[in-house]
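Swiss-Prot lists 332-670 with the feature domain 'TTL', giving sequence analysis as the kind of evidence. Sequence annotations record features per position, and here Swiss-Prot assigns ATP binding site to Cys480, Glu481, Tyr482, Ile483, Lys499, Asp501 based on similarity to another entry.
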Amino acid sequence: MSPSSSDRLGYPFSTFLDQHSAQLNASAVPPELWHSLYRKLSDQTFDAGDHFQIICEMDENDEKKTLFVRALEDMHNNDEENIFLIDHFISFPAESARKCVESNEKLPERLAALFGIDDDDCSSDGDETVEKIETSCEKEEEEHARRLSEPGLPRHESVDARLSSYSVDDPKKTMTERVMRNLWKFAQTYTVSYQLENGEMEKKHVWYVMDDFGSRIRHSGCPNVRIVPLMFLPQNCAYSIMFLTKPVKIDDEITMDWAANVITAKNPEWRQYLEMPWAEKDFSSESMVPGPPTLEYFTSGRNPDFLADEKDKKTCESAIFSALSVLKKQGKIKIFLQIFADDTQLTEHLKSRQIEYVDDWKAADVIWMIKHFHDYSNLAQENPCAQINQFPFESCITVKDLLAACAMRDPSKNDWYQLTYNLNTQLPEFVARFQNRQKNGEHNVWIVKPWNLARGMEMAVTDDLNQIIRMVETGPKIVCEYIARPLLFPRPDNGNKVKFDLRYIVFVNAIGPVTAYVYNRFWIRFAINQFQLGAYDDLETHFTVFNYLDKEKVLQMKCEKFVEIIEKTYPKLKWTQIQADINSTIRKAIEVAASEPSPRGVAPNTQSRAMYGVDIMLQESPESPDVIKPTLLEINFMPDTTRACQYYPDFADTVFDTMFLDEIDPTKVTPI
């Protein structure tokens, strides 16, 4: 090989290997193909059309077409030239799929042709390929703004009415809906890592649809090619690369395993469920009820917490009582409160307390940490008079999948928590439930949530089983029954009646029995668009919290004004009763999460206190729209207190008074 061919445009093969060998090894690309891949990427050689052909066949009645790819020649998987580039037609984050599809007026039609759902698709030349569409943030924002400017729909008072409120009579909307229904049969995903401003690494999952050639390759459990994504670093651009896994003969159909992913590898017995987007089966008669979670469910992948023994707990109880007696005299702090903190977002707002930061937690009165603490046994022995803002095994409250596991074991769960499945352990039962509801014509809309991401990232509201199954590929998730009848709020800024949820700050001073208080003021997060059942991937209709690009869309309102408007909008609703029901719901959730011994539940600990952000949504009872019930959404560890400290200058003092000094002010907090 000549030197020039191994050093293309100043980009040598050795550099290619340095930058890409980790990806190639992880994707199991045979090393003998790497140099050909390097050459084709460097020269932008897309030569699949020289070796393969897209075939369109009609059935006997010329009504249904079948699109697939076949080989034009005999080919061997050991031939180093038999590796091929496939371009990506569109790329998008899961939560913005519709926004991407609607960002270009020609895109739905072209995607329909790509997916084989356009009646005119077969009339085109067989060699014709669909042009790659370039979308821009500006076009997406313009389209999004146009949708927001449309007048809102009137308030509907029944589930059936709301189900019919989203119309797709417009041919363009109909085309878009058909595309969205088929998207998850053709989309693939890869992960990119990038560095945040604070130096931490963040991962982002990108979904993409391959070009005309790649999208025509059908699924098979016994494939003859493998297709994997590759991020080509010189261009900062992703491609798919295809290589043979076995020899093929001329006219053989080319197939890939679309269900090949880490979940299938980990749970091979689930393959028939994970293949549902391409090979639908009926599981509606199978069990819909998962078995109880195992002990490993609560411990796998998590650092263990080490508990203090009973003797040390009693020592701590006496030590804390004595320390508080010294700290307080006639209700006023007489000496400095020693604080060990790894985050000062809240503590820097302390005003009525004389504090001093210490570098050693062994010398602290209060340990205030955003980093998870694990060794409570050592804490009790080294600093028995200290109080810490965490409970052992509190992940049973603050991690979505564990909270769901705790909630699902409560017989009264339907009164305060939505039906929830863990897609990483209970997918077969969920598929059975979904198909059973589908057969019976029941409400069948679900919200998919990752365990550990916030602000709407990788969340989806959908009635599409294929989408739910595919979302398992990008990390652990739960799926919850979607609240179809939320209490709506009339936004004064845009006139829309929108979804909202409520953020409460809750202080837990003891577990077993529970001693807890709720901060008397709460925060409201509003959706933007008029609520309707339909277009579930419209984030600004179905989500209340996400990363806002346009800050003007954010409605800030104090809770007193919110209550005034709610009671005026719903004259039969009395907020005092709603608030009492909310308090009961929060207490119930904490009690359930602590109802079993650790690690299946939160453990009591003498030195522990905690502050949680609790998210609540209000929904109408199916039996009567006049009956409003609170539903717990999630509980968050160390919630952001920026707005709390801005709105209420004494908030930080209230936190410390309530949690650590046993000074309970009923004008600020209420026991629950």
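All residue numbers here begin at 1 and follow the chain in the order shown.
Including glycine, each Cβ sits where the backbone N, Cα and C put it.
Positions of Swiss-Prot features highlighted on the structure.
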residue	record	contacts (Cβ under 8 Å, 6+ apart)
Cys480	ATP binding site	Ala404, Gln418, Leu419, Thr420, Trp446, Ile447, Lys449
Glu481	ATP binding site	Gln418, Leu419, Thr420, His443, Val445, Trp446, Ile447
Tyr482	ATP binding site	Gln418, Val445, Trp446, Ile447, Val461, Tyr536
Ile483	ATP binding site	Gln418, Met617, Gln619, Thr631
Lys499	ATP binding site	Pro486, Leu488, Phe489, Phe526, Ala527, Phe531, Thr541, His542, Thr544, Met617
Asp501	ATP binding site	Ile524, Arg525, Thr544, Val545, Asp615, Ile616, Met617, Leu633
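In sequence order, Gln418, Ile447, Val461, Ala484, Pro486, Met617, Gln619, Thr631, Leu633 are the residues of the same chain, not among Cys480, Glu481, Tyr482, Ile483, Lys499, Asp501, whose CB sits within 8 A of the CB centroid for the ATP site.
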